[in-house]
Amino acid sequence: MEPGCGEGGGGGGGRDERVPQWGAQETRELIAARGEMERESAAAAAARRSAKTLWEAVSARLRERGYRRTAEQCKCKWKNLVNRYKGKETSDPENGRQCPFFDELHAVFTERARTMQQQLLESESGPSVKKKLKRPSGDLSSEDSDDEEDGGGDSGDEKPIRSRKRKIADKRQQSQRMAEKSRTSISSTHELLQDFLVQQQRMDIQWHEMMERRSQERIVFEQEWRQSMQKLEQERLMLEHTWMEREEQRRMREEARAEKRDALLTTLLNKVLQEDL
């Protein structure tokens, strides 16, 4: 069971309901379904759906793919995955404790950041054009109409000048507000992308360091293994040389004994022949 998930997924009135453990393929299907829902909500320019409706839709997608999970279980599992991806749990790739399904989550969040940046860039030009089309020249604000009533005794040339100045000032203020809002949104998006890049670079550096350490360990191990094999070969040669020397000495002793035995037999035979004669 995932940490932080309650029993039963939907909180069934205190009943002890065991939540089946999430499998690897089931988790990948959950990430894919969530990514599909985000792409569909970004493509359709409709009102944002509530969190409950979103997770019910994700649960329905999983049910279509053969996995029976409630909306609360999907939400809880996604929260745990996001916490691991953001580094709230210890990331130690040397000991195998690293974020699971990092590639799938990274693809979803990268696509989300790209979509947000595209929407922000589109919102920079969209509102200004819409406001220009929406507000005709004869549509005045309440302040403009009040000023025209108060200045009824002014000449006909001063009224258009004053109204144009007010329109220019209003447009300038609106453009300043929109520019400030767009700068804030773009800066937040850039910070999010920068965090992704920094995290990816940090993981790449850790992976390269780990591979270098393993390579160095393998080289040291091979050197030690060669040295041990050389020692064993030298010992074998020494033992073989010692054995050959012992065999040579034994052969020489046997030959010496055989010569002595032959000489003794020859002497005895000579004595026997002399006595017979």
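We number each residue from 1, going along the chain as drawn.
Glycine is no exception: its Cβ is also placed from the backbone N, Cα and C atoms.
Taken from TrEMBL, the feature compositional bias 'Gly residues' covers 1-13.
Residues or ranges marked as region 'Disordered' in TrEMBL: 1-24 (among others).
In terms of DSSP helix, strand and coil, the domain 'Myb-like' (22-82) has 46 helix, 0 strand, 15 coil. Under the heading domain 'Myb-like', TrEMBL lists 22-82.
What TrEMBL lists as region 'Disordered' is 120-187 (among others).
Taken from TrEMBL, the feature compositional bias 'Acidic residues' covers 141-152.
The feature compositional bias 'Basic and acidic residues' is assigned by TrEMBL to 170-183. Mapped onto DSSP helix, strand and coil, the compositional bias 'Basic and acidic residues' (170-183) counts 14 helix, 0 strand, 0 coil.
Sequence annotations record features per position, and here TrEMBL assigns coiled coil to 222-266.
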Point to revise | For the coiled coil (222-266), the mean pLDDT of the predicted model | key: 94
